[in-house]
Every structure is written in C-alpha cells, then in structure tokens.
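Summarising the annotation, Swiss-Prot assigns D-glucuronate binding site to Asp168, Asn412, Asn464, Tyr470, Glu502, Trp547, Lys566. Residues or ranges marked as active site, proton donor in Swiss-Prot: Glu413. Residues annotated as active site, nucleophile in Swiss-Prot, with similarity to another entry given as evidence: Glu502.
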Amino acid sequence: MLFPKDTLTREIKDLSGIWRFKADPDNRGREEKWHHQPLQDTIPMPVPASYNDITQDAALRDHIGDVWYEQTFIVPRSWSGDRMMLWIGSACHHAVVWVNGVEVASHKGGFLPFEADITRVAVPGRENRVTIVVNNVLNWQTLPPGRIKTFDDEKHPEGYRVQEYFHDFFNYAGLHRPVKLYRTSGLFIQDITITTDVQGESGVVGYSIECSQPEGEVRVKLLDEDGKEAATGKGSSGTLQVENARLWKPLQAYLYTLHVELLDSYGQLADHYQLQVGIRTVKVEGTRFLINGERFYFKGFGKHEDSDIRGKGLDQAVNVKDFNLLKWINANSFRTSHYPYAEELLELADREGIVVIGEVPAVGFTFFNYNDKVYTPDQANEETLAHHHDVLSDLIARDKNHPSVVMWSLANEAATFQDEAVPYFRQLADTARRLDPQRPITIVQWPLPDKCKVAQFFDVICVNRYYSWYQDPGALELVEHQVEWELTNWYRNFGKPVIMTEYGADAIAGFHQDPPVMFTEEYQEELLTRYHNVFDRLDFVIGEHVWAFADFATKQGITRINGNKKGVFTRQRQPKAAARMLRSRWGEMGEYPEKL
C-alpha cells in the first residue's frame, strides 16, 4: 500500500481535525445501526489522538469496547469520474468503516494502515459522512494479546469486567494516525518495490511496479538531491545503475527521489508517484552487522509512541523533538517497540539517518514463568498465527522501501522456551525471509539461553534483561557477573551476534541518594554503566538499546508509579542523569567501540 501523497496526478484531502465522538459502553451501536444516521449526543474528539486522556472522565480512559467517530467531508466536483480512496492510518484495534451508511471496510490490527475504495458511495459536490466504530478489546487472537476477565463474586458488581493484557504499556485506543481521502485515475500505480545494492562506486536500484491494469507504459526516473537526473528506465521492472552513487549511511543520510509515471494507451500521464530511495546494503556476517560493508554498532533505545494528552496519537512536534534528542545524546538507532510506528516517523528516520529495527506487535506472548503454557487451542492458536502472518506481511509491505529499516523483529519476549514455539516461529521466519530476503530478522528474547528453542531461525540474538532490578533488586555488585555469564552463553549456544535490546532501571526524576538506591537517578546511571563495562569486553556484542528512551504510560499497578519510569528522559522529554552519561559514552565511542 502506497502512502497517500500529492503528486502530479494524485490529490489528497486530509480529514484530520475535530471529529464527533461517542463512547458505547453497552455496545448497542452496531445492533441499533448508529451508522445509518448522524451520531447523537457526541463530544468533540481530535484525530489523530488516543481518546483516553482527552477528557476528565476516568470511565472513558479505561473504557472497554466500542467507540464511534464521525466526520463529514465534501468531495470536490473535480474528482468526478476518478477513483476515490479513504485511507486510515491506524485504528486500535478493530474497526468498521461506513460512508453514507454503507460499509466500505473492516480491519483487525491497530498499528498499520488500511484503505477503502469509496468511489461508488461518495458523491462529489455534496456533503458526505464517514462513520468509524473502533473497538479496543484484546484477546488471544489479537496482536498484542489479552483477555477479558469478568468477576463473579459478591465483592464486585454484577458483570464487572476488566481488560487484562500481558505487556507493559497502556492500551491506548482510537484513531491514532491521520485519516485521508485521495484520488487517482482508473489506471493507477498499486505498489512499488525497491531493492538496492552497491557494486564498486556504482549504486544499483532494482524496481518493480505493480499497476491496476496490464496495459499502460511505465517510465521511471531517479533524481539526486540537487534534482539532477541520475538514471532512467522503462517497463514495470528493471534495474537502474547509478554512477558514483552517494550512499545512505547511518547519521549521513543521502536520499534520491524515484519518479514513477504510468502512461495510458494514448501516451497520456495516467498516474504519477514519487518516493525517496536510499542506496545501501545490509548484511550479517559472522558476529558483525554490516551496513554498506562497514561494521555497525547499535547505540540507542527501545521507544514508545507515547506522550502527554495525545497518548499514541501522531504528533510531528514530538517526533521532531525525539529525533533532536536522539542526535543530542549521540544515538544512532531505535527499535519500534513493540509495534509498527507511524510511517511519517520512518520518513523522518530516512532523512536523519537513524537506523530502525521494525517490530511486529507480538508482545505479551508469555506469563514470565516457565510453567504456564501459551500456545494452546484457546490461547495462541492457529488463528493467532494466521493473524501474526498477516500483520508481518502488512508491515513488510508498508516499510520495505525505507532505507532506515535494517532488520525485522518478529516478537518481543515471547515464550520461546516452549516446544510449540518451534513450528510457530519457524513459519514466521520463513514468511519474513520470503517477503524480504534483503533484511536480517530477529526475535527479542526473554528466556535464558539454555531454554530458548527458536534462536537458530534468526540472524541476530536480541536480549532483554533486568539484572539488579527484577532479578536481585538492588544488588548492583552482581550486574557485571550476571550479564557477562548470560551474553557469553547466548553466543556459545548459537554463535550469532548479540544486541542488548532492553536493560535499565526505573528512576524518578529528582530522586537522589548516594550510595545509590533503587528509583534514584544515581541508581539508574550506575546500573547502566555496569552493563556497559561488560559490553565493552565482548566482541560479539554489536549493540546496546537502553530501556527506555522516555517514561511512558502503563496500566495502574503497585509496580508502576504513574507509568514506567525507565526512560532516560521524562515523559516531557527532560533529561535525567543517565542521559548525560549516555551522551558522553556514545559521543566518545565513535561509530564502533574499541573492545577491551
């Protein structure tokens, strides 16, 4: 699916803004067919945004079930006779869409876009109405999974229920990304796939163009950043040779622009689309992660799409601030933990040269013990696996052309120690390699190395571990021994490079004590430093992603003090002591650390 943008032939109408909104706590709206008429008794709701923190109503913040959105729009008369599409960037986690009372789309999965052809139902030159019902319920067939617990005892009101989930971030919901209309002609470009290679001083850009109909002529043109022509081609697939190519490099991004033109049988321009292309290669070789044949060391974070008021709603000001902080702290990468982020953010990563590990929203596939089964007929089952395949396929289809994305992560902290995990993740690994043979794949591990049964299917070992926090809390003197023991065993067992994708400690900004104690800024800084002492001794360690970039919202609980405080920045993006330590460490490290 191509990201909607204005081109020589395409036109965009952004429906972002204030929508009419109504919660449906009794889930009556579908049965009563609220979509057949304008919604009644609504409140204003911004789109894009999570709805949870917009009002002062705790019931809406913690709502379980359907909510309804409505907006009106006018299709320009100039669009008459054209193909009209409605694109929804994100709807967490299930959605049904109606235009003028007619169902045009339904979608499962909260972090990737979907679209609907509304040509037959939208009327140019008059007001039209779009209605979207969004449901936030998580179960074992969603990504991430969850379950509804209904209480049946005298201590709770009849029918009282809660949404349980097994991941550590708040279940924000709503229309998190923009909603857009766009038009094309009846003959249009459906998809573009780009591959790149480097041969000596030349860059090689492979392209494959999928069109709506076989007739029509395809022409492509690659321009450099000065707008000068670098290469041209004809046909729906081919290869462009770029002499003296400028490569896309970490923190030194160079982007070409590919223009694709589709001509009709009369030689007239029917459709045009352009996208940015970064020429680069990615390869895992032994214990080295290579970008353009040069060793790369991951310095950065696990992040979240999370900020005050808007929750997981797209906010370009927050995104730009975050990228400025990444550069300030001398980071070069992040993981889209634990779901696909907005494509607007990936475009920013492309421009800024920030390296990205793209992750599927498969988080919460464990009960954090070695006894309780996850892969059972009534939990993670064949329906779950089918949805996992669908989401993985959609993620690769959306992000395959982003040079910043160098690796796919197929899950976070899954129960990879269970026998049933072997066929489950073998199939997913096969799907990822078939859809994108150019990128390495990984899975982020929770079990210890002698327990994992699936690491052999992946190219890089990614490990999350919280020594002296969840294990042996407060015992900083154990960190180096335990980290070195575990990472060495991962390498000994599987012979693959290792990235520490999560490590850290909660720190409440302004809490201080010396000697360090838990929850102080000093403790967070000291714990990270002791991890780093180990990384610097191990040749097979190729990266360090601190958990987390910034504090973020979670469900309420006795282990969370108004959210997770493991960020080295506060939720308002102010640095803690650990941020300045990391800035110094990563700045002195250069592109690749000298191992001791």
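Using N, Cα and C of the backbone, Cβ positions are placed for all residues, glycine too.
Residues Asp168, Asn412, Asn464, Tyr470, Glu502, Trp547, Lys566 are listed as the D-glucuronate binders, and the farthest two of them sit 17 Å apart at their Cα atoms. Comparing Cβ neighbour counts within 10 Å across the binding-site residues Asn412, Asn464, the minimum falls on Asn464. Within 8 Å of the centroid of the Cβ atoms of Asp168, Asn412, Asn464, Tyr470, Glu502, Trp547, Lys566, where the record puts D-glucuronate, the same chain has further Cβ atoms from Gly302, Glu413, Tyr466, Tyr503, Gly504, Ala548. With a 10 A radius on its CB, Asp168 (D-glucuronate binding site) counts 20 other CB atoms from all the protein chains. Sorted by the number of other CB atoms within 10 A, the binding-site residues Tyr470, Trp547 start with Tyr470, the lowest.
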